[in-house]
Structure formats: C-alpha cells, structure tokens
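J.: I am attaching a structure below and will ask some questions about it afterwards.
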Amino acid sequence: MPYAIDELQEIIGNLRTELVEPIDSGGVNNTRLGRDRVERMSAEVVDSNPYSRLMALQRMNIVKDYERIRDKAVAIVGVGGVGSVTADMLTRCGIGKLILFDYDKVELANMNRLFFTPNQAGLSKVAAAGATLNFINPDVEIEMFNFNITTVDNFDRFLNAISQGGRIAGQPVDLVLSCVDNFEARMAINAACNERNLNWFESGVSENAVSGHIQFIRPGDTACFACAPPLVVAENIDEKTLKKEGVCAASLPTTMGITAGFLVQNVLKYLLNFGEVSDYLGYNALSDFFPKMTLKPNPQCDDSNCLVRQMEFQAKPKPVVVEEKADNEEPLHATNEWGIELVAENAPEINPTSTETPVVGEGLKLAYEAPEKSSETSEETVTTAPPDDASLEDLMAQMKSM
C-alpha cells in the first residue's frame, strides 16, 4: 500500500531524530538498556545489584566501609588513553563525583586506545566520555569542562573548579589526577595543587608506548613535578618545536590500560584507606620491570608555593612512635614436670664430651650436669684379632670363650 506524502515525511523525521539523538548525547543512546539510580550500595548477592562484587571487599576485610567512596570527588585532567580508562574504572567503582578536563576532540586515530567508539568521532572528549560514563553508572555525578587549563584565564577556572568542586559544595576535591600528554599541562596542574595544597597523582606513558609510571605527590612531603623536572622543562624548551609533521607518538592500549589500572588501584587505596599507596611506581613492558621509589622535595625548587609547603610540612609535629613494653606475664603452668629450662640465645654451646662445666648467663642454670668420671680405671678386655689363616673351628672356639 503506497504511503501518503505526510506519512513519508513523518517517517523521515523519526529516522532523522533517531540519528541525531546519539550525537547530542555524546554518541550514546541512553534510552536503551539503561538502569535506574541506586540510592544505597547493597551487599546483597543478586544479578541485579551492580555493587555486590564491590561490597564483597568488606566481607573479605579488605575495606572497612566501601560505601564511603560515594562521598569522594576526583578531578581528572586529560581524557585520553589513560584518562578515559581511569574515568571508566572509577565510574564502575561507584565514585561519588568526577570532574573531567579536556579541550580535544575524539578522532578515529584514538580508536587504537580503549573506551571511545567510532561513532563518537568529532565530539569533544569530555562530552563523549561524560555521556558514556553516565550510561554506565547513573549514580556518579559528572562535571565536564571543555577548555585548555594552561591559558591564563582558564587556569583560574581550573583552580576554582578543583578547590570548590568537592562532593560538598565549596569544598576541594579529594584528589587530582593528571593524565595529560604534555609537560606544560603537568606544570599547570603542579602549580595549582601546590597553591591550594592538594594531593595529586601524575601519570604518563612513554613516547614509544612500552613504559609508563604513576607518581603520588603530596605538597611539601614528596617532590613536586618542578622539584625534579624533565630536561624539556628545565631547559625551557618549547614542546611544540619538537613535533614533526607526519610523525606521532606510539600508543598501545595495553600500556595505557596497565598504567590506568595502577593509577586507579592506588587512588582507591588512598580514598578508602587500605593497603599501601605507592609514591612512585614505574612499568617497563619490555622486561616486565616495576621499579618503586620515593622522591624527596627539592629545597631549591623553582615553585615558590612548593617551598612554602615544605616549610609547613617541616613545622608539623612528627608522630611519636611509642614502643610497647612487654608485660610480665605469669607462667602458664605452675609445675615443670619435665624440668624444661630456657637458655639464652647467646649462651655458649655445651660440648657433651667436655668435662668442664660451661659458664651460663646471669639468672640461668644448667638443667643437667654430667657425672664426673671415676678415678679407678676399669679393666679393659683386650681382644686379639685372629690370624688370617685361622680355620673355621678355631673361630668358633674363640667365640664360645668370649
């Protein structure tokens, strides 16, 4: 049956709407297969509970109160290979709030890395990431900023966002994560966190894509990024002059994913207070080598705020380590049926063949003393060996006489 013109126009309009909606929502059609918000995390083991595997960490005594993660806010600067995967992991872990910073767009050249999909090409990275993350976990509050933090005007906006964008309005974020790919942005993050005294993680992957690292920076306590800057920063070299036309850095989703995994693992340990947070953790893919170290702050750092934080940290009272004194416990058993005595570790060894009484430590005594040998010598029975040519009868006669 042929359609009327009005009906055809309506069909075309509906098709056009279906095509435009995913683009407006960051390339994700949120009307399909979504889930409702969850008010409280539950440990109930059912297929419909998105947090059952996470809450199991409490039952296994790894985390005391996992639901505290909903009270935490984390800022991620750079939503590329490492940053997008980091945001994805934290969203699946149920973080309370994510603040995303990036000014780049999704390109097909990004498809070798994780998270983004081809239909998101052309969208801003923060818009594409925010839409996907909201679809994965609608319980997470996501705030997006599409600007370059290294410019003068935008730096103030960035500073205000991390110092006022906490889970509680007007409070700073709990942690800042640097997932950028240039030193200029790292220095901007470093300056902001030193100024506002915020802890942050720096992360990165090498240009040849076979190594990566994370570094936990606590202003005044550990070295900031300006305390031991890379050669490019120390020599004030413009990074833009190092880029060549037609040449790009290598990128592997494996190295990106491993680095992001290390980063999120330490973020969770820091936020939920379990395990040991690494100050610096590296990764060499060629030899599967994982170096760890701690970098002390540079007293001659070029960042004036870093020097202020160092003075504040040194002025803090150091925690007093109290040595526990062992209580004088009563003996468990009043009787000593077997005559067991304790011997000091530094007591000389007793030679069982020696006739001398060994000297023992003060307060100790020997449990057994060897009897003295009698001065009277016992008669020794001398047995002469039979001659080689003795007969069997002679040997038997000798044995009978013994």
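Each Cβ is built from the backbone N, Cα and C atoms, and glycine gets one as well.
Per Swiss-Prot, the features are:
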type	residues	note
BINDING	G81, D102, K125, N148, N182	ATP binding site
BINDING	C224, C227, C301, C306	Zn(2+) binding site
ACT_SITE	C248	active site, glycyl thioester intermediate
REGION	369-402	region 'Disordered'
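Map the listed features onto the structure and describe their local environment.
T.: All protein chains included, D102 (ATP binding site) registers 26 other Cβ atoms within 10 Å of its own Cβ. For the recorded site, D102 (ATP binding site), the DSSP three-state label reads coil.
Long-range Cβ neighbours of C224 (Zn(2+) binding site) (same chain, at least 6 residues apart, Cβ-Cβ under 8 Å): N190, C193, N194, I217, P297, C301, D303, C306. Following the DSSP three-state reduction, the secondary structure of C224 (Zn(2+) binding site) is coil.
On its own chain, C248 (active site, glycyl thioester intermediate) has A109 as residues at least 6 apart in sequence with a Cβ closer than 8 Å to its own Cβ. Secondary structure at C248 (active site, glycyl thioester intermediate), as computed by DSSP, is coil.
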J.: Max Cα-Cα distance in Å among G81, D102, K125, N148, N182, the residues listed as binding ATP?
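T.: Taking every pair among G81, D102, K125, N148, N182, the longest Cα gap is 18 Å.
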J.: Helix, strand or coil by DSSP: which one applies to C306 (Zn(2+) binding site)?
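T.: Looking at the DSSP assignment, C306 (Zn(2+) binding site) belongs to a helix.
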J.: Considering Cα atoms only, can you say which of G81, K125, N182 is the nearest neighbour of C227 (Zn(2+) binding site) among these binding-site residues?
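T.: Sorting the binding-site residues by distance from C227 (Zn(2+) binding site), the top entry is N182.
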J.: Taking 8 Å from the centroid of the Cβ atoms of C224, C227, C301, C306 as the cut-off, which other residues in that chain fall inside it around the Zn(2+) site?
T.: N190, N194, A223, F225, A226, P297, N298, D302, D303, L307, Q310
